Ligand code: S0N
């Protein structure tokens, strides 16, 4: 059990978004539907992740589900129409893909706090997080081929990088469910703890990372992504390199010389071997 005081960052319809000591927590709050997501849910998650990226007092992001039964059971089948999940505006969307991309590209560690079923698109959600910490009651699996959907993006290729090609094909082709111990054994989660210790464990991991250099964590996340994400991954890593370059006197000299209408003096800067 925990007695931490989480403070609300912003009020939403389908998610809770709160903060404690450098940690932002996004909780899918639809326990009635095992925390299945609609376009409203994913839109709100995108907004919360945007805030997590912008706010410098947020160092680590945690994603979880409300209650003790489910992390997330994927797309809400009640609103699945032709072409995607349909919200109040009547337009079909696959907007969880935007959430996946944000989780991968936000330059801060994201921990999935898996408190129950992580199924379908909900399973993919934990897969794309940097770290997954699960409670002993957590259950993992894909359902797509059984219920008429699939995720051939991160949900399959990145899954295969984690558990291997054979296991990823088994997970998708057979649509079986795996318990927390099995998930741990296949490297799908980082740690399994009793349900009552889940939050403590996640906060401890977050606090450990917060003692480390945020720039080093940012660069290593970008590097690990770049190896897998092709040009989009290289673009992120290159963007970080550009940011660091802009912090140097050498880059400042280029800009200053332009503004002062003089030739830049780059010779003054060392060329390290
Ligand atoms: C999670 C399961 C295993 C839990 O079983 P349990 O504990 O026995 O509870 P239930 O009685 O089954 O459920 C309780 C109530 O919750 C409802 N519910 C559960 N899951 C959903 C859901 N996903 N959508 C809507 N309602 C849900 C139940 O209906 C029940 O309600 P009542 O009490 O009224 O009967 C079990 O519930 C289960 O297997 N759930 C379905 C899991 C599933 O198949 N999820 C969808 C998988 N597909 C996707 O996620 C789409 C993939 C995707 O997101 C995507 C991929 C690529 C590109 C884009 C997308 C995209 O969609 O955006």
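Just so you know, glycine gets a Cβ as well, placed from its N, Cα and C.
It should be emphasised that the depicted structure is a prediction, and the values quoted were computed from it without experimental measurement.
Among the features that TrEMBL reports, substrate binding site is placed at 34, 73-77, 85, 117-121, 143, 149, 246, 261. Following the DSSP three-state reduction, the secondary structure of residue 34 (substrate binding site) is coil.
Mapped onto three states, the DSSP output places residue 142 (hydrogencarbonate binding site) in coil. Sequence annotations record features per position, and here TrEMBL assigns hydrogencarbonate binding site to 142, 143, 144.
If you look up TrEMBL, you'll see 85 (among others) marked as site 'Important for catalysis'. For the recorded site, residue 85 (substrate binding site), the DSSP three-state label reads strand.
Secondary structure from DSSP puts residue 246 (substrate binding site) in a helix. For residue 246 (substrate binding site), the number of other Cβ atoms no farther than 10 Å from its own Cβ, over all displayed protein chains, is 12. Per TrEMBL, the feature site 'Important for catalysis' maps to 246 (among others).
On the backbone, the CA of residue 76 (substrate binding site) and the CA of residue 144 (hydrogencarbonate binding site) stand 13 Å apart. Taking a Cβ cut-off of under 6 Å from any atom of ligand 1, the binding-site residues 34, 74, 76, 142, 143, 246 reduce to 34, 74, 76, 143. Rounded to a whole number, the distance between the Cα atoms of residue 34 (substrate binding site) and residue 142 (hydrogencarbonate binding site) is 15 Å. Under the three-state DSSP scheme, residue 118 (substrate binding site) falls in the strand class.
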